[in-house]
Structures are given as C-alpha cells and as structure tokens.
C-alpha cells in the first residue's frame with residue numbers, strides 16, 4: 001500500500017513538473033466551449049457559441065464591455081437624430097480586413113445592406129428590417145436611415161451578430177463565408193473541424209499594435225460538464241467560459257485556478273398562461289409570486305450564484321429601474337389571496353420546462369412550493385426540440401396552447417430594455433411570434449415599449465421604460481425566479497478572457513502574465 | 001458456402017429497403033421541429049419560417065422520402081440541414097474514430113472476458129471465481145459516464161498519463177476503450193463461464209478425460225470450442241453496438257465519432273444525418289450477423305450451410 005502511495009505521489013509530482021514546463025512555454029490559449037459551433041457567420045446565427053468564437057475574428061461597430069456598457073470598436077463615435085430615424089457613425093481609420101482589403105464606409109454599407117436584404121435569408125435580418133438606406137458621405141462616415149423611428153438602433157448595432165465581414169471575402173465565398181470567416185479582429189481563422197475543434201491564429205496586421213498577446217487560440221466543444229473541468233485541471237485548456245455551479249468547488253479548491261463570477265442578464269421566470277381563467281385573476285398571479293421563496297430558489301437551483309430579480313429586466317440591462325415593492329415570500333398572504341379569488345382549495349396545473357438537470361430542479365422546487373397554497377403541479381420536463389415545437393410551433397395559438405405554466409429564461413443580446421420587454425411582455429410578442437409565453441397584453445405596456453423607440457434620447461427612452469417596467473411589475477404575468485450569474489473557470493495568470501453577462505465570452509485581449 | 005454467402009448478401013437488399021421506410025417515418029415522427037431548433041434559441045417566428053423555406057422542410061413527406069431514397073441509390077447521403085456539409089463527409093470523418101474505439105474495446109474485453117470466464121468456470125466456487133464474477137457484476141452495473149470520469153480524474157488530472165479527451169494520438173484510445181469495454185468484458189466473462197460450465201457436463205468431455213487427456217487440453221481445446229458458439233454470437237452483437245458509437249462515452253471523452261455525431265444530429269433534428277447514420281448502423285448489424293453465421297461454421301464444422 002505504501003509503495004503504491006509513493007508511486008502515485010511520484011507520478012503526480014512528475015506530471016506536475018511536466019505541467020509547469022508546458023505552461024511556461026505556452027503562448028497558446030485553449031478554450032473548452034459547452035456547445036458545438038454551428039457556423040462562423042454570426043450574421044446568420046442565433047447561437048451564443050457562434051458569437052463567442054467570432055468575437056476574436058470579427059469586430060462590431062460598437063461593442064459591449066464586460067458590464068454590457070457600450071464601447072467604441074470599429075466606430076469611434078456615433079449620434080442619433082431626435083426622431084430616432086437617422087444614425088451617424090464615425091469610423092476608425094487605418095483598419096484593414098485580414099485579407100488585406102480596407103475597412104471603410106463602403107465596407108460597412110455592404111454589410112448593413114446585406115443584413116437589410118430580406119432575400120438573402122440571413123437569420124439576423126430581423127434586426128435590420130427597418131433600415132431604408134445606408135449612405136456614405138465620406139470614406140469614414142456612415143449614415144443609416146430608418147423607415148420608422150427605432151431608438152434601440154445603437155444597441156442593435158452592438159448585438160453580437162452584427163459583425164463587419166470582408167466584402168471581398170463574401171463575394172469570393174458566398175454562403176460559404178460561414179466556413180471561411182474574414183474580419184478585422186485580432187485573430188485570423190485557421191482551421192475548423194466541425195464537432196471537434198476550431199483554431200485561430202494571431203493577426204499580425206491588427207490595427208491595435210498592442211494586441212493580440214497570444215499566438216494561437218484553439219476551441220474545443222465539450223458538452224460534458226465534468227470533462228470541461230477535467231480539461232481545465234489538467235491544463236489542456238486554460239479557460240472554461242460556462243461553468244455549472246455544482247462544479248465550481250472543484251475549480252476554486254485548487255490554487256492554480258480561479259472562478260470568475262459576473263452578474264448576468266438572463267432573467268428566469270415561470271410564465272402563467274393568461275388564457276386560463278385562473279390566471280386572468282391578478283390575485284392568483286400575485287399569490288403564486290408570494291408562495292415561491294425566491295431566495296431559496298437561488299440556493300437550490302444555482303447554489304447561491306444568482307440574484308432575486310428587482311424588475312422584469314436585469315440590473316445590467318440598459319434602462320433597468322428597480323421596482324417596489326421588492327419580491328417577498330408570504331405564504332399566509334398568498335393563501336388569503338387564493339381564498340379571496342375563490343381557490344382556497346387550490347387547483348391543478350401543468351408546468352413545462354426543459355429536461356436538463358437545472359430546469360428539473362426548478363420544476364421540483366416550484367412543485368413543492370406551490371403545494372403550500374394547495375396548487376397541485378404536474379411537472380412536465382421536455383426534451384429541447386420537443387419543447388420548442390409544443391411551445392412555439394407555428395400552429396400554437398392562444399386558444400390551443402397546452403401549457404398552464406412554463407419555465408423560461410430570456411437574455412437580451414442587445415443589452416437594451418427593448419429586446420427584453422418587447423419579445424417577452426408585448427402583445428406583438430405572443431408566442432409563437434416571439435417569447436411572450438403568458439399571453440400577457442396591456443395597452444399601457446405596449447404603448448410605452450413603442451414610445452421608447454420613437455426617440456434616440458436616452459432620457460426620453462428611460463422614462464418610457466420606467467412606465468413599462470412599473471406596469472409589468474404590477475400585473476405580474478410571470479413569477480420572477482432568478483437572474484443567473486455568469487460563471488467561468490480560468491487558469492490563474494490568464495487575463496483578458498472572461499464570460500459576458502449575455503452568455504457569450506471574450507478572448508480578444510487574452511494574455512498570460514509573465 | 002460462397003453461394004450461401006452471396007444469397008444472404010442479396011437478401012439484404014429488400015431488408016434495407018424496408019428499413020429505409022421505417023427509418024424515414026420514424027425520424028419524421030419524432031416530435032420537434034427542425035426549423036425551430038436550427039433557427040436558434042431566440043429566433044422570431046419570421047426567422048423560423050425563413051429557415052423552413054430555405055431547407056425545403058415545407059415539401060410534402062413523400063417528396064422528401066423520394067429525395068432521400070434517390071440520394072441513397074446514387075450513393076450520396078444528402079447534405080446536413082445544420083452544417084450544410086455533405087453527410088458522407090461528416091460520416092467519413094466520424095467513422096474511423098468509432099471503428100478504432102470499437103476494435104480496441106472489443107479486443108481487450110473479449111480476451112479478458114474469455115480468460116476470466118474460463119478460469120471462473122474451471123475453478124467454480126473458488127475465491128477467484130467469486131472475485132471474477134463480482135468484478136463482472138460491477139462492470140455491468142457501473143454507469144459508464146461515471147467510470148469514465150473517474151478514470152479521467154485519476155489517470156489524466158492526477159497522474160497526467162493520458163490526455164483527458166479527444167483523439168489526437170493512439171494513447172487517447174486507452175481510457176475510452178477501458179471504459180467502453182468494461183461492460184462488454186463483464187458480459188463476455190459471464191457468458192463464457194456459463195457456456196463452459198454447461199459444456200463440461202457433456203459426455204464427450206468425460207470421454208476425453210477418461211482417455212487420459214490433459215485437463216488443459218480438455219478445457220481449452222474441447223470444451224471451449226463448443227462453448228464458443230453462444231460467446232461468438234454475443235461478441236458479434238456487442239461489436240454491432242460498439243460500432244454504433246457509444247453516445248455517452250463519446251460525449252464524456254469528446255470522441256469525434258458516430259455516437260457524438262448522432263447525438264448532435266438528434267438534438268438539432270438534423271434529419272438527413274440521423275437517417276444516414278441509422279441506415280449505416282442497420283447495414284453494419286446485418287453484415288455482422290452474416291459474419292457470425294460464417295464463423296459458426298469455422299468453429300464447428302458440423303454446422304452446414306444450405
């Protein structure tokens with residue numbers, strides 16, 4: 001036994017020694033992703049993992065910093081007209097695409113015209129439906145004209161899908177641009193083996209001579225959570241941008257690795273189908289909100305790595321306003337409200353969610369909590385594609401929708417209140433059109449959401465979003481459950497690679513400390 | 001014998017045709033709308049409909065079937081709905097890693113299973129027998145993903161002997177085939193043990209012993225040869241399963257094989273890839289069955305084909 005122990009110890013030390021040598025030489029970065037990459041044309045993708053890897057190859061006109069604040073990238077400054085119909089952007093000079101062609105106003109116009117062209121069937125065309133024309137008064141100025149006021153235009157330009165792709169490359173590759181990406185970013189595309197790995201290398205001609213500081217970045221899609229962590233702990237990767245809370249301890253226990261935690265913008269709710277007579281009654285919706293202990297929810301589901309919502313949108317989302325009263329738990333009051341509404345003996349509902357372990361925990365917790373007010377919950381965990389069809393299938397109507405309540409999370413990729421409130425709470429957003437799963441409809445909210453788009457003036461927009469948030473908070477079409485923190489694991493000494501609140505990640509400024 | 005083989009080979013054609021109909025209907029009967037999944041998590045209805053149009057998913061089912069069978073007959077498996085790559089390319093990439101993994105897993109597990117099965121049978125009731133069967137039951141019962149993660153934690157993270165995952169060098173085969181073969185080895189051991197115990201009760205074994213043959217020869221030559229028939233059947237069946245690629249093991253070890261490909265294809269309702277993979281698995285099973293039948297004849301010359 002003692003021999004064995006010594007042998008193991010020796011081998012561990014040997015491995016440790018090799019590990020150190022390896023690390024000291026490494027100017028290369030490896031990252032384990034939680035999903036497979038679908039394609040490398042973000043303009044034609046709805047997947048965070050595609051946006052994440054594209055972040056180093058491509059750049060946007062305007063980007064987000066780590067806290068979802070707008071920062072200049074390929075545009076150095078911008079302004080919107082008072083009527084929110086005209087937006088002018090001033091471009092960075094001296095930028096070249098990785099194929100050597102110039103980045104200028106013409107290139108921006110080419111990209112925006114492409115996104116606005118419905119006939120190309122790009123998935124993110126929907127963000128640019130309102131673009132009427134794009135003008136280029138000089139080589140470094142772009143003016144965007146919209147057919148209707150759209151106050152959220154600047155944030156829309158910062159959406160992770162709105163990257164500037166080389167017009168020459170698009171002409172050369174056509175649809176295949178998704179396999180041959182050419183942008184202005186610090187890393188050039190080198191190789192993609194679908195399902196296995198993707199490699200990018202240093203762009204020697206990057207416009208900011210200070211960057212990049214690593215020579216090569218390799219991405220591995222690794223669906224299994226435990227394997228991602230093992231890869232980090234054996235130094236096969238140095239960054240795991242999505243780390244499940246239950247595996248956090250394994251990373252934080254070691255002094256070679258650290259856990260990064262950031263407030264997210266993904267708000268989890270339980271939507272109550274307001275076509276059901278029970279949920280038409282505000283007292284029932286309020287009782288549900290009071291019966292479920294949110295603090296306990298964040299503990300049970302996220303091990304405490306989440307916060308309790310204080311508005312329909314997350315604090316890091318632009319135009320967030322803290323609402324009063326804050327969410328509380330009060331089972332006695334919930335029972336009273338149910339009795340007043342005529343449901344003292346409760347009723348039965350079904351509750352839908354995906355069948356992953358996190359959402360199954362949510363289901364079980366909510367079932368238990370609602371039993372306190374005599375509501376019998378039939379929990380229905382669904383496989384992803386099945387859930388999508390039953391919930392948002394094209395033939396789903398408010399009348400035939402089969403769910404009573406459903407769990408869902410929404411993260412607005414533009415970082416702007418509009419792309420949270422409109423899809424989730426406006427009448428226009430009713431499923432299957434967008435993601436209003438409660439079939440909630442309030443003219444006050446609809447008007448405020450539209451008013452906010454009429455202006456590009458942040459003060460005016462904030463005023464309108466205040467009204468919308470206040471009204472939704474009062475109407476309670478959903479039970480607000482939690483705002484999940486973004487968790488990542490990283491090797492100590494690595495900087496500049498971090499998770500973003502919207503579920504994507506950044507690695508453009510990755511560097512290993514000497 | 002050759003004639004028999006050819007006849008059996010031809011008989012596969014109608015079977016495959018029936019399988020193609022079954023697979024097609026089965027895949028399309030799965031709940032879940034590929035347009036919705038492929039459009040992405042935050043797609044609007046408009047984006048979903050665009051995807052449906054561009055992928056031709058709005059065509060009537062019989063037209064889609066005709067296209068599918070037409071593709072197969074022309075030796076082309078179509079293009080993936082998700083990646084727009086030719087399915088033959090995707091399967092070409094995933095096939096060999098799975099074959100290597102299947103061969104390595106089957107190799108060690110059959111060898112180990114046979115040995116320990118025979119030893120257990122001969123030393124029935126001994127401590128070795130109990131220990132062997134205890135290991136076999138553990139091998140069958142242990143969830144493979146857990147065993148995989150344990151091996152990875154010990155050999156890759158702590159000892160650093162192997163890479164955790166992926167398939168970049170032959171040494172990457174060790175941990176996944178240990179994990180994948182554990183269950184098979186256990187099944188083989190149990191099967192061999194009972195088959196040998198059965199056979200040693202036969203009269204001809206008594207005769208062999210009576211005429212003074214060495215026990216070693218009795219067991220390894222006379223008994224094992226007859227015990228092999230059920231064992232070979234089982235090994236063939238297991239090989240078929242292994243070639244299908246283990247979804248769980250490939251997931252845990254980031255193995256770029258058929259199982260991982262199938263899982264992603266199912267998740268995204270990538271019909272063309274799912275259909276092609278199931279067709280290939282069916283063909284593999286049919287061929288392995290045929291091969292097993294031929295092997296019977298080699299093991300036991302008393303079996304004649306007609």
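Each residue, glycine too, has its Cβ placed from N, Cα and C.
Whatever TrEMBL says is automated annotation, not expert-curated.
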| message | Among the residue ranges B:173-191, B:192-210, I'd like the one that TrEMBL describes as transmembrane segment. | response | B:173-191
| request: May I ask you to indicate which of B:66-88, B:227-249 is given in TrEMBL as transmembrane segment? | output: B:227-249
| note | Listed stretches B:99-122, B:134-161, B:173-191, B:278-299 vs the transmembrane segment (B:227-249), most Cβ pairs under 8 Å: range B:278-299
| said: Short question: most Cβ pairs under 8 Å with the transmembrane segment (B:9-30), which of B:99-122, B:134-161, B:173-191, B:278-299? | reply: B:278-299
| message | Counting only residues 6 or more past its boundaries, what in the same chain has a CB within less than 8 Å of a CB in the transmembrane segment (B:173-191)? | response | 100-101, 104-106, 108-110, 112-114, 116-117, 120, 132-133, 135-140, 142, 144, 147-148, 151-152, 155-156, 162, 167, 230-231, 234-235, 238, 242, 246, 249-250, 252-253, 255
| Under an 8 Å Cβ to Cβ limit, what residues of the same chain, 6 or more beyond the ends of the transmembrane segment (B:99-122), are close to it? | 128-129, 132-133, 135-136, 167, 173, 176-178, 180-182, 184-197, 200, 219-220, 224, 231, 235, 238-239, 242-243, 245-246, 249-250, 255, 257
| query | Which bits of the chain, at least 6 residues beyond where the transmembrane segment (B:278-299) starts or stops, bring a Cβ under 8 A of a Cβ in it? | reply | 1, 5, 8-9, 12, 15-16, 19-20, 23, 27, 72, 91, 225, 228-229, 232-233, 236-237, 239-240, 243-244, 258, 305
| query | Which residues of the same chain, at least 6 past either end of the transmembrane segment (B:134-161), have a Cβ under 8 Å from a Cβ in it? | reply | 116, 174-176, 178-180, 182-183, 185-187, 189-190, 246, 248-249, 251-253
